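What follows is a single structure, written as structure tokens, with notes after it.
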């Protein structure tokens, strides 16, 4: 291929090459027919082959700690991991206890959840910076299941109207563990079959709308601790609204001491966290205000004996030591399978942490953004930081946990409230999406509303379904354009958008903004007729009429000739006026035939505006074709060809060409020479074919034909 280089100092380029259709492109670019992918048999054979290098590779891929721990540099990494681990461990303590309340479990189980799964992730995890542990959204999802399957009314106390709290809490732990193990099993199975791509269908507006709605659930669930009231428990759709209404009804019964504790703790937490944000560049590490608040509140409540005086609700006994592992109750799997799958989607790649943790009375974990940021910003280098944070939690569980028995639940609830700040700031997405993308705004609003009204599980399902519908509607409502040439370039742009884009006389260039497939193939054909002004149905009907008229005309003339011969013979014997009458009748019949033919020609002239003789379909946006789109393109070539219009394809990707070949698209009537690399190549081919000297493309590149 001939190319010519010229001075590009002014930002211009000049190209001299031949017009390339698909056949010439295969020749010039040397398209290969080889395949770099192994066949199914070769892959199966390779998977069954066993060797020491392969065994080592498999072992290191499944147990990543074996690949990086032997090369761990104590000099370079340990100090940073130590500081980071201590910082995160200090955060684990208050957050673990606080989020356990969201799961309707005792605080000690939040500490367990901050211990075992972190150790498992140290062995099997790959990320060096994320912090595994409790998370508000997952905790509230667990809590919705434990409260649904173990409500207070199922555990009446002997001889009283109260609740047997020990029996209730023990059963809730069994439920949470069974749910966690089943969630972990789902995650492992999804990971083995490489099903992680499903997360790509959870768009950012969907995730942010869902977490914002979840934050509202978390907030409402903690109001009872702030005000010291005991609302009724509601389940199912609108349960959040019912709970909020019930709390408002109980406001006159607010326990003032607990409200004061909540307000003081909330004020201190907010102020110090704002200081951390403002001076995060100067502080070596964030002020651990959460653990400070817990320690201070515990000391004040204990030595002032406020629990006895004002009946403040406290955490209660926190047992020291670790629990022996035990298998979860498998009979509960059928009751929590739907919830387990919903949580698994949120927690892809953490299956082993959840599966193992479930045996040690932990509930589901995921990464926490706030702890992950602290872990990275304080110098964390590897997963060793997670082990160090686990040591801090372990020491607390073994020796220190019992000292927090007088910790007010109101203080834990304020910690939850303050940590929801980032989620509530996502309400600002509404104004941003209103300006940038209305469809994403609809996804956000529908997700948020469904999460609020239908609870977390149904809300997630509805939001995913709605998000998929928006994708479908976007492909069914593409933008169709007629392209025009921009003088001095080889560009072809939408004539409705660009003033300088001018249509080339006799050539219609049509483009769709999305892939052509079965859901929009019919609309593609309709838009092509509308945009080009060529009503193919009417033209085909007119052509059939002309053919019928032509056949009728031939039959009539044949019959007239036979008649005239007979009439001439009779004229010798009888009167010759009959011949004149018949001739006149035959003339009028021929005239009516001509009129029908003229109407057909007028219809063609009216429909094919500006003398259109060629149509170029720019399918550069098409990424795949199915049987319906192939059939549609075939019909376009056939129908437009019947009315003497040439159709060409341009900008077809190599993978689409292969699919067209496999579908038997190319034939004698549709050769590969009708497929061009670019729209410009197709235009130049058409103009050369027609020998059009009246219209000259003013382009900055010279093209050798």
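Cβ coordinates come from backbone N, Cα and C, glycine included.
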Remark   = Of the ranges 251-268, 269-286, 287-304, 305-322, the one TrEMBL annotates as transmembrane segment is 287-304
Key: Stated TrEMBL location of transmembrane segment, expressed as one of 148-171, 220-243, 340-363, 412-435   = 340-363
Key: Segment assigned the feature transmembrane segment in TrEMBL (from 73-98, 99-124, 489-514)   = 99-124
Remark   = Quick tally over 175-197, 384-404, 441-473 of CB pairs under 8 Å to the transmembrane segment (99-124) gives the top stretch as 384-404
